[in-house]
Amino acid sequence: MTSAPTTIPVSAPAHRPRTLRTAALVAVVTTHELFRRRGALALALLLPLTFYLARIDTYWTALRLLSIGLGWAAATLALFTTVSSRSIDLRLAACGASSSALAVGRQAAVLILGWSIAALYAVLVNLTIGDELAHPGTVPLMLLLTVTVATPLGTVAAAIIPRDLEGALLLLAVMALQLLVDPAAEWTRVLPLWSARELSSYIVEALGAQADDYLRRGLFHGVCFAVGLMTLTWLLSIWRLRVIRLPEPH
């Protein structure tokens with residue numbers, strides 16, 4: 001979980017890459033790395049699809065399984081990205097790269113990929129069960145919000161358990177818990193993807209006067225968790241990539 005601070009001597013002021021440019025470059029490189037991991041990409045694409053097709057006869061369950069499966073896939077991609085880039089990020093930070101830029105770039109790459117997959121699944125849902133849904137136009141919003149919450153969740157999991165297999169199992173346990181518990185229980189609101197249950201209820205059911213309440217609760221919970229997890233990811237990145245500078249010996 002922790003990394004030893006990197007100690008380097010202080011030299012003459014050097015040009016530091018601008019934060020946005022560095023973040024964009026890191027995002028591009030991370031995207032290339034993700035596309036080279038064909039197994040992980042296949043997992044991100046096929047696992048949610050398997051969940052969805054397995055229960056498509058009960059479309060309300062299929063939609064919830066799709067959302068949870070997509071969340072696990074996005075979180076796992078973020079976990080793999082964080083674990084595999086840990087050593088290179090330490091070197092980049094020691095060379096003067098902004099830790100904020102590194103964190104933003106890694107997150108942006110996984111988010112963009114996850115949003116792209118979510119958009120494909122939103123089209124699939126509307127083509128296959130769209131006529132059965134009360135509010136099919138909200139499907140893209142639910143899936144995009146799921147990815148937005150799950151991506152920083154995967155990065156936080158990598159900080160807690162800095163190994164691929166153990167981290168993936170932790171994320172699987174979190175996602176499975178959200179499928180098994182009663183979402184009406186108050187304590188379940190501490191689960192990161194509780195919003196998906198509220199939004200899927202809004203999408204699937206004709207709730208009448210209560211529909212707006214489900215939508216409002218789902219959006220509020222999802223946005224709060226996304227902002228909170230992204231902030232925690234940023235703080236963990238700053239702490240993990242901190243550099244202690246010592247004066248040059250005379």
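Placed from the backbone N, Cα and C atoms, the Cβ positions cover glycine too.
For reference, TrEMBL has these:
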TRANSMEM  39-56  transmembrane segment
TRANSMEM  62-83  transmembrane segment
TRANSMEM  108-129  transmembrane segment
TRANSMEM  141-161  transmembrane segment
TRANSMEM  168-185  transmembrane segment
TRANSMEM  219-239  transmembrane segment
Long-range CB partners for the transmembrane segment (168-185) (under 8 A, at least six residues beyond its ends), listed in sequence order, are 64-65, 68-69, 71-72, 75-76, 79, 153-154, 157, 160-161, 191-194, 196-198
- Query: Are the transmembrane segment (219-239) and the transmembrane segment (39-56) near each other by the rule of at least 3 C-beta pairs under 8 angstroms (pairs 6 or more apart)?
  - Reply: no
Per the Cβ under 8 Å criterion, with at least 6 residues separating them from its ends, the transmembrane segment (219-239) contacts 99-100, 102-104, 107, 141, 145-146, 148-149, 152-153, 155-156, 159, 189, 192, 194-196, 198-199
